[in-house]
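Some features that Swiss-Prot has for this protein:
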BINDING   Ile18, Ile19, Gln20, Phe21, Gly22, Glu23, Gly24, Asn25, Phe26, Leu27, Arg28, Ala29  NAD(+) binding site
Amino acid sequence: MKTLNRRDFPGASYPERIIQFGEGNFLRAFVDWQVDLLNEHTDLNAGVVIVRPIESTFPPSLSTQDGLYTTIIRGLNEKGEAVSDARLIRSVNREISVYDNYDEFLKLAHNPDMRFVFSNTTEAGISYHAGDAFDDAPAVSYPAKLTRLLFERYTCFDGALDKGWIIIPCELIDYNGEALRELVLRYAQEWNLSAAFVQWLDQANTFCSTLVDRIVTGYPRDEVTQLEAELGYHDAFLDTAEHFYLFVIQGPKKVASELRLDKYPLNVLIVDDIKPYKERKVAILNGAHTALVPVAFQAGLDTVGEAMNDRDICAFVEKAIYEEIIPVLDLPRDELMSFASAVTGRFQNPYIKHQLLSIALNGMTKFRTRILPQLLAGQQVSGVLPARLTFALAALTAFYRGERRGETYPLQDDAHWIERYQQLWHQHSDGLISTQDLVHAVLAVDAHWGQNLTHVAGLVEQVTTDLDAILTKGMREAVKPLC
């Protein structure tokens, strides 16, 4: 069986116009996949050079396959049908290591056609590294590497204003473009680079903040033999992802036309402020996950897919989204409804086995950031506690017993919470404290919740009622009235 390469698998190739920091699965199934579609359907005509930003030889370089690889996009489509689509990606030209080929890295700035910089260097990537110097070959941090490359660009083209870049980071931090810009300016100042360069940074370059959303499951290790037999070639860089994707870019409208989104619309939004879209994702997608996990797991289920195929649990989650989360969010209702519909479809994806226990990681913090704002807003708007979000808090409290049907399971959270729950549940089982005492102790920790939740009218009482129902009837019976 032949391995992918451009000689044996000839096809379109594109001039290099995009620099991409990061060689991982996510960018290849998200950015490079979208660029490939735009190349096919518009005159974007943009090839990608991947820059490996870390000193590592694993995985091997994508250049071993001449930049070619296959994405397999699978999940439920808009009609709820299971679909699987294999696509040979031709948008990537090559990969270079900034550690092994530093001069080649700097030469990227000499190409007059270079226009875009994308990156995903993990959440820790957009950070300051003390000691990074201009003459390092390379500097350690991504922002320092980018600063050096931008200075090379500025110098090569004598500060021409039409030779700046549109810089679009995809790292999962708030306002990632603004954070990256601040660090580039910090290094420029620290390295005593000219005021003219700093002015060029500001006038010629656009730093965009983003929200990225797609579950990328990467290399399908357990299915490789079957998939390669279907494809008819060997691909060491197979990349699988869900059908859904969303790319929100905070930036000027010209970004849409430069990416040719006006000629072939993808699920990419160019917006003035990313904040409401982040709130939507956190509240609906992440919030539904967080509400679902303790309820579904204690009902005897193990994966998100199993939960969404369970009539009662699915109804509980959907009612939480549509009746309690969406009404308190500040975005057009049709956008929220459309996003919510996509979320429930994503949860039902038969190709993704999403373990509930893995999502349960750091559940206390997740509840505070993802559900509590909607719970409190719902009470303020209607004067009534949202029944399902409140029940989810009771279910979370029960989850931290660490036992299901007589078997223990691992709890992954801050040591403080694990120890505190262990103490409280022991006292409860020994009859030393009541259920209400236990609930009061959990809700009173204002250092965690940001306020003392025992002061929220009726919350202690309702969580206690729900928790008692879970303890006496079991999760299935306790949740039924809310389904």
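Yeah, the Cβs are placed from backbone N, Cα and C, and that goes for glycine too.
Taking the features listed in Swiss-Prot, we show where each one sits on the structure.
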residue: Ile18; record: NAD(+) binding site; Cβ contacts under 8 Å, 6 or more apart: Val35, Ala46, Gly47, Val48, Val49, Met114, Arg115, Phe116, Val117, Phe118
residue: Gln20; record: NAD(+) binding site; Cβ contacts under 8 Å, 6 or more apart: Leu27, Val31, Asp32, Val48, Val49, Ile50, Val51, Val92, Val117, Phe118, Ser119
residue: Gly22; record: NAD(+) binding site; Cβ contacts under 8 Å, 6 or more apart: Ile50, Val51, Arg52, Pro53, Phe118, Ser119, Asn120, Thr121, Gly125
residue: Gly24; record: NAD(+) binding site; Cβ contacts under 8 Å, 6 or more apart: Asn120
residue: Phe26; record: NAD(+) binding site; Cβ contacts under 8 Å, 6 or more apart: Asn120, Cys170, Val212, Arg214, Val216
residue: Arg28; record: NAD(+) binding site; Cβ contacts under 8 Å, 6 or more apart: Tyr69, Thr71, Ile89, Val92, Phe237, Asp239
